[in-house]
Amino acid sequence: MQDGQARIGLIGLGTMGAALASNIAEKGFEVAVFNRTTQVTREFVADAGDLAARMVPTETLEALVAAIAPPRAIILMVPAGQPVDDQIAALRPLLDADDLIIDCGNANFHETDRRVAEATGPFLGVGVSGGEEGARHGPAIMGGGDPAHWARVEDIMLAIAAHHGDEPCAALVGPEGAGHFVKMVHNGIEYADMQMIAEVYGILREGHGMGYDAIADVFARWDEGPLKSYLIEISSAVARARDVATGEPLLSQIIDAAGQKGTGRWTAIESQHLMTPIPAIEAAVVARNVSSRREERARGEAMFGAAPERFDTLDHDTLERALIAGKILCYAQGFVMIAATCEAHGWDIDLPQVARLWREGCIIRSTMLDDMAAALEAHPGENLMRTPFFANLLKENHGALRRVVAEAALHGHPTPALSSGLAYFDAMRTARGTAALIQGQRDFFGLHGFEHVNGLFHQHGPWARQTATPKHEPKT
Ligand code: NDP
């Protein structure tokens with residue numbers, strides 16, 4: 001291929017970048033590639049087979065820029081954070097004013113907002129989900145930025161994305177960091193979905209005393225019903241897998257400390273800033289943090305005895321129904337959070353479109369997302385849990401969720417995400433809660449005032465007159 005002919009460039013041939021570059025080439029677009037370590041570029045193209053004909057390996061940023069047809073578009077697939085800023089700083093001086101940089105890594109959306117604001121040329125922040133397999137054969141793609149910039153690469157994004165029927169799972173969801181924001185919430189939901197499945201796995205393993213193959217069978221059966229999803233499917237595969245080194249069941253050989261790269265934590269932190277409750281997602285982040293405290297957990301077990309007891313009062317149908325209810329509540333929280341962020345940022349993210357984007361390619365893909373898209377479409381602005389279809393599902397299944405949480409608690413099985421989902425459900429159907437006491441307490445110790453049922457604001461309790469100098473009281 002001659003200089004200046006590649007349709008797009010890509011920097012960073014790691015797990016995701018290599019898969020994405022191959023996907024782009026496979027869909028018929030010429031792609032110029034560059035990697036910090038030159039040997040990686042050489043090996044990647046040497047191993048690319050027929051696809052190499054549509055790849056231009058380059059060994060300097062100057063050569064990369066020269067290989068792309070102007071106005072250029074260049075994807076960054078390097079680790080989020082400082083590497084992205086460094087890469088932009090190195091690249092921008094080599095580019096023309098209208099050349100487009102597209103960050104496809106897992107950037108914090110606030111950083112993408114900043115990069116858009118600081119950018120001296122076109123910039124898009126694009127969330128890509130689906131892991132290596134998705135990037136290679138069709139990820140879900142959540143774009144953020146200027147529609148005119150998106151339009152320049154839309155054909156490539158739609159071509160490489162996963163498809164649900166004929167519909168590509170790729171779209172510009174909003175301006176600035178909106179794409180990375182939606183990807184972040186996707187990951188937050190992913191944390192909660194995974195955690196709820198892991199909690200039920202714990203009940204099957206320790207409570208029912210089931211073997212790994214039998215647990216794999218249960219998940220496989222659930223993958224044929226309402227829970228049908230990638231995460232249930234791979235849970236079955238993981239439960240059935242054998243360890244390469246020992247031949248033992250793989251799950252018996254993996255240390256039970258969950259890793260994380262921060263996107264779940266960002267979701268939890270952001271929800272606190274927005275004051276939007278996402279307790280199931282927060283609980284899942286906390287559960288990963290607790291899982292990493294192995295030594296402390298072992299000391300606790302030695303002191304108090306192991307928590308999970310054997311019990312068999314929950315049948316598989318009840319556990320499946322509990323997961324259905326838990327899943328709805330966790331997704332409902334995620335969608336409400338997206339709506340709240342739109343209000344705070346002046347964005348207009350189309351919730352049904354987000355649900356449609358997540359139907360294929362990404363880690364949380366599931367048949368339920370199809371119904372979620374339809375429900376959000378038919379009932380704009382409504383919390384998913386109150387849309388008729390999902391309200392009915394909750395009515396049918398919240399009893400099972402309650403039983404699982406209660407029985408699990410009675411028998412020492414921690415179910416933080418399922419419990420938090422249930423508490424959210426109950427709180428969100430309690431018209432008169434308990435916060436009057438909190439308001440009374442706040443007024444008592446800090447004269448913060450409260451709203452009276454008669455409609456008057458800044459009312460005080462009888463202690464107000466007796467407190468001579470409220471302004472000097474410590475306010476905590
Ligand atoms: P890898 O670690 O596999 O690859 C990182 C790539 O970036 C390598 O090509 C590496 O080059 C290059 N790189 C590392 N540091 C720098 C730097 N300071 N300057 C320039 N290049 C650098 O990462 P992934 O492919 O897994 O992830 C890339 C991005 O995609 C991340 O933001 C990640 O969060 C995101 N992502 C990852 C997913 C996954 O499943 N892995 C899923 C969705 C998003 P070298 O060969 O020289 O080390």
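Cβ from N, Cα, C; glycine included.
Features reported for this protein in TrEMBL:
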| type | residues | note |
| --- | --- | --- |
| ACT_SITE | GLU190 | active site, proton donor |
| BINDING | GLY12, LEU13, GLY14, THR15, MET16, GLY17, ASN35, ARG36, THR37, VAL78, PRO79, ALA80, ASN106 | NADP(+) binding site |
| BINDING | ASN106, SER129, GLY130, GLY131, HIS186, ASN187, TYR191, LYS261, ARG288, ARG442, HIS448 | substrate binding site |
| DOMAIN | 179-464 | domain '6-phosphogluconate dehydrogenase C-terminal' |
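Feature annotations (TrEMBL) mapped to structure.
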{"residue": "GLY12", "record": "NADP(+) binding site", "DSSP class": "coil"}
{"residue": "ASN35", "record": "NADP(+) binding site", "DSSP class": "coil"}
{"residue": "GLY130", "record": "substrate binding site", "DSSP class": "coil"}
{"residue": "HIS186", "record": "substrate binding site", "DSSP class": "helix"}
{"residue": "ARG288", "record": "substrate binding site", "DSSP class": "helix"}
{"residue": "HIS448", "record": "substrate binding site", "DSSP class": "coil"}
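Listed binding-site residues: GLY14, THR37, ARG288, HIS448. Those with a CB atom under 6 Å from ligand 1: GLY14, THR37.
On the backbone, the CA of GLY130 (substrate binding site) and the CA of GLY14 (NADP(+) binding site) stand 15 Å apart. When pLDDT values are averaged over the domain '6-phosphogluconate dehydrogenase C-terminal' (179-464), the model yields 97. Take the binding-site residues THR37, ASN106: by the count of other Cβ atoms within 10 Å of each Cβ, the lowest one is THR37. For TYR191 (substrate binding site), the nearest neighbour among the listed binding-site residues (GLY12, MET16, THR37, PRO79, ASN106), judged by C-alpha distance, is ASN106. Note: the Cα of GLU190 (active site, proton donor) and the Cα of THR37 (NADP(+) binding site) are spaced 32 Å from each other. Taking only the Cα positions, the spacing between HIS448 (substrate binding site) and ASN106 (NADP(+) binding site) is 41 angstrom. In sequence order, ILE11, GLY12, LEU13, GLY14, GLY17, THR41, PHE44 are the residues near ASN35 (NADP(+) binding site), counting only same-chain partners six or more apart with C-beta under 8 A.
Under 8 Å, Cβ to Cβ, and six or more positions away along its own chain, MET16 (NADP(+) binding site) finds MET77, CYS104, GLY105, VAL128, GLU132, ALA135. In the structure shown, across all protein chains, HIS186 is the one of the binding-site residues HIS186, ARG288, HIS448 with the greatest number of other Cβ atoms within 10 Å.
Close to PRO79 (NADP(+) binding site) in the fold, though at least 6 residues off in sequence, lie GLY105, each with a CB less than 8 Å from its CB. When every Cα pair among GLY12, LEU13, GLY14, THR15, MET16, GLY17, ASN35, ARG36, THR37, VAL78, PRO79, ALA80, ASN106 is compared, the largest distance found for this NADP(+) site is 21 Å. Note: the Cα of HIS186 (substrate binding site) and the Cα of ASN106 (NADP(+) binding site) are spaced 11 Å from each other.
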